[in-house]
Ligand code: SF4
C-alpha cells in the first residue's frame with residue numbers, strides 16, 4: 001500500500017530512509033495535493049531546523065570568460081549573454097561586498113570565481129580574502145567555490161580558514177554529458193571528495209529544468225545524499241538569452257515545490273537552499289517553499305539580480321521564520337516567538353480612486 005506523505009514523514013522521523021520509488025511518487029504528487037506534501041515535508045524541516053532560515057551571500061570574485069562549456073551558464077566563453085565580465089576583485093573590494101551581505105544578516109559568505117578550477121595563485125588570493133573575512137567575522141561561515149580542485153588546494157583553503165567548499169553535481173550522472181562536454185561528472189564528484197577529505201563541509205547541489213527526467217532528479221538527489229553533501233543548493237534554470245538553453249522554460253511553480261519537497265524527504269537533515277532562479281520559477285509560492293527549504297541566498301546571484309534584499313527579509317518575517325544567527329534562542333527550535341502585529345511593517349492604505357464611481361480604468 002502506498003504511504004501518504006504524512007505517513008512517509010512519520011516513518012522518516014522514526015529513522016527510516018525513503019526509497020527511490022517513494023521519492024519518485026512524491027515528485028508526481030497531483031497539484032491538488034500539494035499542500036499535503038508541503039505540510040508533511042515541513043515536519044521534517046522543523047525537526048532539524050526549527051523555523052530558522054539561513055541567509056547566504058554570494059560574492060562573485062571573477063565573472064564570465066570561462067573556458068568550460070556548461071550549456072546552462074551565462075559565464076561560459078560561448079555564451080552571448082550580456083552579463084558583467086571582470087577579472088579578480090581585489091581583497092578590499094571582496095571584503096566590501098562581503099560586509100554588505102553580513103550587514104544584511106548573512107551567516108555564510110560564498111566566494112565564487114568562474115573558471116575550470118583555480119591555479120595556485122588563485123588559491124593564494126582567495127585564501128587571503130578568507131583569512132581577512134574570518135579574522136573580522138569569526139562567527140560567519142566562509143564557503144569557497146572555485147571549480148575543480150587539484151591535490152592540496154582544499155587543504156590550503158581549509159588552512160586559510162574556509163569552512164566549506166561548493167561544487168554542484170548539477171544533475172544526474174546519466175544526464176551530465178548532455179549539459180557539458182569539457183569536464184565529467186566524475187571530475188565534479190572528485191572535487192566534492194577532495195573538499196571532504198580536507199575537512200571542508202561539502203556543499204553540492206542541483207540545477208533543475210535542464211531537460212532532465214523526474215527519474216534523473218531522483219538519481220541526482222540520492223547521489224547528493226550518498227556524497228554527504230551538507231548543504232544542497234537547488235537552482236532553477238535561468239535560461240539566459242545568448243546561452244544554448246535560451247528560452248527553456250521547463251518548470252512550473254508547483255513542480256518546483258515538489259522538487260524542493262522531495263529533496264527534503266530524501267535529505268531530511270541537510271541544509272536545503274533555494275538558489276538561483278527561485279524568484280522567477282517559484283513566483284508567489286516562494287514563501288510556501290520556506291516551509292521545506294531552510295536556507296536562501298540573500299540579494300543577487302552571480303550574474304542575475306535577485307529580488308530586493310528587503311523583500312527577502314520581509315518574506316521571512318511575515319511568514320513567521322527567524323534568521324539564523326540573528327535570534328539564537330530560536331535556532332533549531334519550533335518555539336519561535338510569534339511576531340506581534342505591532343512588530344510588522346505596515347504600509348498606509350491607498351484610497352481607491354479608480355473603477356466604479358470614477359472615470360478611471362478599473363484595476364483589472
Ligand atoms: S565551469 Fe562554472 S563558470 Fe565555467 S561555464 Fe561551467 S558553470 Fe559556468
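A Cβ is built for glycine as well, from the same backbone N, Cα and C atoms used for every other residue.
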_Further binder of [2Fe-2S] cluster named by TrEMBL next to 110, 143, 203, taken from the candidates 16, 43, 273, 278_ = 273
*Scan 309-328, 329-348 against TrEMBL and say which stretch is down as region 'Disordered'.*
329-348
*asked:* List the residues in the vicinity of the [2Fe-2S] cluster site, defined as same-chain residues other than 110, 143, 203, 273 with C-beta within 8 angstroms of the site's C-beta centre.
replied: 56, 108, 145, 164, 166, 231, 233
*Cα separation, residue 66 ([4Fe-4S] cluster binding site) to residue 110 ([2Fe-2S] cluster binding site) (Å, whole number)*: 19
_Integer Å distance between the CA atoms belonging to residue 203 ([2Fe-2S] cluster binding site) and residue 73 ([4Fe-4S] cluster binding site)_ = 19
*asked:* Can you give me the Cα-Cα distance between residue 143 ([2Fe-2S] cluster binding site) and residue 66 ([4Fe-4S] cluster binding site) in Å, rounded to a whole number?
replied: 20
_Near ligand 1, meaning Cβ under 6 Å from any of its atoms: which of the binding-site residues 66, 70, 73, 203 fit that description?_
66, 70, 73
